[in-house]
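> Per Swiss-Prot, active site is recorded for THR2, and the stated evidence type is sequence analysis. The Na(+) binding site annotation in Swiss-Prot covers ALA157, CYS160, THR163.
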Amino acid sequence: MTTILSVRLKNKVVIGGDGQATLGNTIMKSNVKKIRTLYHEKVIAGFAGGTADAFTLFEMFEKKLAMYQGQLPRAAIELAKDWRSDRMLRKLEALLAVADKDTSLIITGNGDVIQPEDDLIAIGSGGSYAQSAARALINNTTLNADEIVEKSLNIAANICIYTNHSFTIKELFSEK
């Protein structure tokens, strides 16, 4: 499992995640890159779940982004439709957190595409810890999105045994 967190504040969206890969109760790798830029670096995405499954979904999602000229909501919906309707794809176990300069979404294997009302996304085993920390920091500090993501991931990593302190953090800016 893992922790992926996305925070959108002012004119910036940031997605960060840890790098731990586990097999059962064993840490197999501590520096997996679970955050990627896609579609000419106009979309950032992170995954929670099986690594091989997530990379398969990243490839499919990148093809959908190209097919729909980078329209994030449309590409996400089309990926979710395929994921839900294809027998082989339904067996993939992963969640995607994706964002462009305007929109943040969660894509699930159940065919759900969810846009959080507060532009805060947290997925994975440490997601609820990171989300709680991020909400508290957003409401009670003047930290920027990068700082909130890093501090929240640190809090999650201190609590969740499936989350480590090896973070990858990426950001996008909007004209807003």
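The backbone N, Cα and C atoms fix where each Cβ goes, and this holds for glycine too.
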> Quick one: Cα separation, THR163 (Na(+) binding site) versus the residue listed as 'active site', in Å?
5
> Specify the count of other C-beta atoms within 10 Å of the C-beta of CYS160 (Na(+) binding site).
21
> Roughly how many Å lie between the Cα atoms of ALA157 (Na(+) binding site) and THR2 (active site), rounded to a whole value?
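Roughly 9 Å, rounded to the nearest whole number.
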> Looking only at C-alpha atoms, tell me how far CYS160 (Na(+) binding site) is from the residue listed as 'active site', rounded to the nearest Å.
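For CYS160 (Na(+) binding site) versus the residue listed as 'active site', the Cα atoms are 9 Å apart.
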> Tell me the Cβ neighbour count for THR163 (Na(+) binding site), meaning other Cβ atoms within 10 Å of its Cβ, over all protein chains shown.
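Taking all protein chains shown, THR163 (Na(+) binding site) has 29 Cβ neighbours within 10 Å.
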